[in-house]
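J.: Let me begin by handing over the structure; questions about it come next.
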Amino acid sequence: MAVPSDSDASSISPLSVDPIAVPNTAETEKQSVDEDSTPLPPPPPNGGIFAWVQVAGAFFLFFNSWGIINTFGVYQSYYETSLLRDYSPSSIAWIGTVQSFLLLSLGIIVGPIFDRGYIKFLIIAGTFLIVFGLMMTSISKEYYQFFLAHGVAVGLGSGLLFIPSVAIPVTYFTSRRAVAIGIAASGGSVGAVIFPIVFHKLIDRVGFGWTTRVIAFVALASLLFSIAVMKSRLPPPTQARQLLDLMAFRDIPFLIYCLALFFDLVGLYFPYFYLPTYFTTYLHAGGNISFYVLSILSASSFFGRIRPTCSLIVWDR
């Protein structure tokens, strides 16, 4: 067997070794140190002015998303008796149905966008769509115009606001997280109390167009506050999650929970859409009570949003 000579051995220099096969140990260690030295976000403050300002901002996101959608009953009644009297109640209800559907279903897309850090974009775009939709509703004449403006545009805007309204406040709290979410969610009830009253007080004085514009201006003013103050405490992740994670549906408890929510929400909006019309048409109640019944219903839901969070704190102790 031939033995390699000294000249053959000396011909193999370090430069002849494939650089891909032998990694640069120094660079690898440096990269590892850099990754390990990435500063972690501080723990949640669990209170403080800035944290509660985030809750206030989320309150107005709920106020102008769930609050406006839960107000649709007064529009349903007015459309049936005035602007869209030639259409069936079911056809008119499709406007509010699309609003509700878009608010919840857009979470599939908005969630990953939120995770990538586009928080301001979501809130600004949602604000624009809600205000634009209400303004276009105020000048609409035909059914398809109401459907696109009041149903699609307002629904899309509400869907963009929903995820930030829930996801931002929870990052600022630990033990007070339930209270923060309860206060923020109560904005939907407060909005659904105020907007029907505004509609009822203005509709005979200034007409449908300016009544809807006033609601749009209220939404714009309150949402500008949310745009100015809301900020995520956590930096966006370096690796974004998938747009649709089908693996989650292999979790049986999670799947059962989703099905329960589905059936829970199927009939949720019947009272919100049809109570004013029912009081006027079948109970022959006066115009005032037919409008105020929606505010009364929403005021009751305010306590339903706050009380469970307080109970969670007591039980946790």
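A Cβ is built for glycine as well, from the same backbone N, Cα and C atoms used for every other residue.
Among the features that TrEMBL reports, region 'Disordered' is placed at 1-40. What TrEMBL lists as compositional bias 'Low complexity' is 1-17. The transmembrane segment feature in TrEMBL is assigned to 49-72, 92-114, 121-140, 146-166, 178-198, 210-230, 251-270, 282-303. Taken from TrEMBL, the feature domain 'Major facilitator superfamily (MFS) profile' applies to 51-317.
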J.: Give residue numbers and ranges for long-range contacts of the transmembrane segment (146-166): same chain, 6 or more residues beyond its ends, CB-CB under 8 A.
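T.: Answer is 58, 61-62, 64-66, 68-69, 75, 79, 83-84, 94-107, 110-111, 114, 119, 122-123, 125-134, 136-137, 140, 181, 184, 187, 223, 230.
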J.: Given the model, what does the mean pLDDT over the domain 'Major facilitator superfamily (MFS) profile' (51-317) come out as?
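T.: Mean pLDDT for the domain 'Major facilitator superfamily (MFS) profile' (51-317): 86.
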